[in-house]
Amino acid sequence: MKVSPSVLSADFGNLARDIQMINDSKASMLHLDVMDGVFVPNISFGFPVIKHIQALSTKPLDVHLMIVDPDKFVTQVRDCGAALMTVHYEACTHLNRVVQHIHDAGMKAGVALNPATPVALLRDIVACVDLVLLMSVNPGFGGQKFIAGVLDKIAELKQLMAQKHAHALIEVDGGVNAETGKALAQAGADMVVSGNYLFKSPDPQHAIELLNDL
Ligand code: DX5
Ligand code: ZN
């Protein structure tokens, strides 16, 4: 199982130390949550912070935009050095166009679904994206409780991808710990995001390794 630690739960007073910890871990990517206070009821951090993180990180950046109209920011996300730009289905009027713009900018494209958004809505886009991010909490905050309905959504998504000959990675975000991570691995998730569980652990690198070995 690939692991993408969420910087939202890092210690922002010691960010360089926490990024170094992730560099030295088995993490596959580094997850960055951008929130605008409109799409979600919270504001996190923006491009200047991501640029600093990029300069410190040896892991590819997995940028999760919880913002309205993400199409406006494709170039800025690319200029931050992101490898993967994930936008919300619910935030894009012209999702196909946004995905094209992300690819034209040279990044991998991901589409995220809120817990209440059905997988079936991805029917006409799933073959065009590199990753589907299934939210297992309502986006906006770290440290929330895992919504187990995501396990059935993974099965549905796998079925849809088989029908559409799609090869997107399945990433799950929210409330992931050793226990929920195990259920996600069994359900067939390819990558998990984890924030609170990893950063509150006495040995975050060991916790990353545990998830990685699932
Ligand atoms: C929530 C964010 C998540 C968050 C996950 O809106 O998208 O990436 O940081 O944090 P935990 O693992 O604490 O639920
Ligand atoms: Zn996220």
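A Cβ is built for glycine as well, from the same backbone N, Cα and C atoms used for every other residue.
From a predicted model like this one, the values you see are computed outputs, not experimental measurements.
For S6, H64, G140, F141, G142, G143, D173, G174, G175, the entry in TrEMBL reads substrate binding site. In sequence order, S136, V137, Q144, K145, F146, I147 constitute the residues six or more apart from G175 (substrate binding site) in its chain with CB-CB distances below 8 Å. According to DSSP, G175 (substrate binding site) sits in a coil region rather than a helix or strand.
If you look up TrEMBL, you'll see H31, D33, H64, D173 marked as divalent metal cation binding site. In sequence order, S6, V7, L8, S44, H64, M66, P139, G142 make up the list of same-chain residues 6 or more apart from D33 (divalent metal cation binding site) whose Cβ falls under 8 Å from its Cβ.
Under the DSSP three-state reduction, D33 (divalent metal cation binding site) is assigned to strand. Marked as active site, proton acceptor by TrEMBL: D33.
Residues or ranges marked as active site, proton donor in TrEMBL: D173. Remark: D173 (substrate binding site) has S6, H31, H64, A112, L133, L134, M135, S136, V137, P139, V192, V193 as non-local neighbours, by Cβ distance under 8 Å and separation of at least 6 in sequence.
Apart from the site residues H31, D33, H64, D173, the chain places the Cβ of S4, S6, L8, L32, D62, V63, T86, L133, V193, G195 no farther than 8 Å from the centroid of the site's Cβ atoms, the recorded divalent metal cation location. Checking the binding-site residues D33, H64, D173, G175 against ligand 2, the ones with a C-beta less than 6 Å from an atom of that molecule are D33, H64, D173.
For the substrate site, whose annotated binding residues are S6, H64, G140, F141, G142, G143, D173, G174, G175, the maximal Cα to Cα separation is 17 Å.
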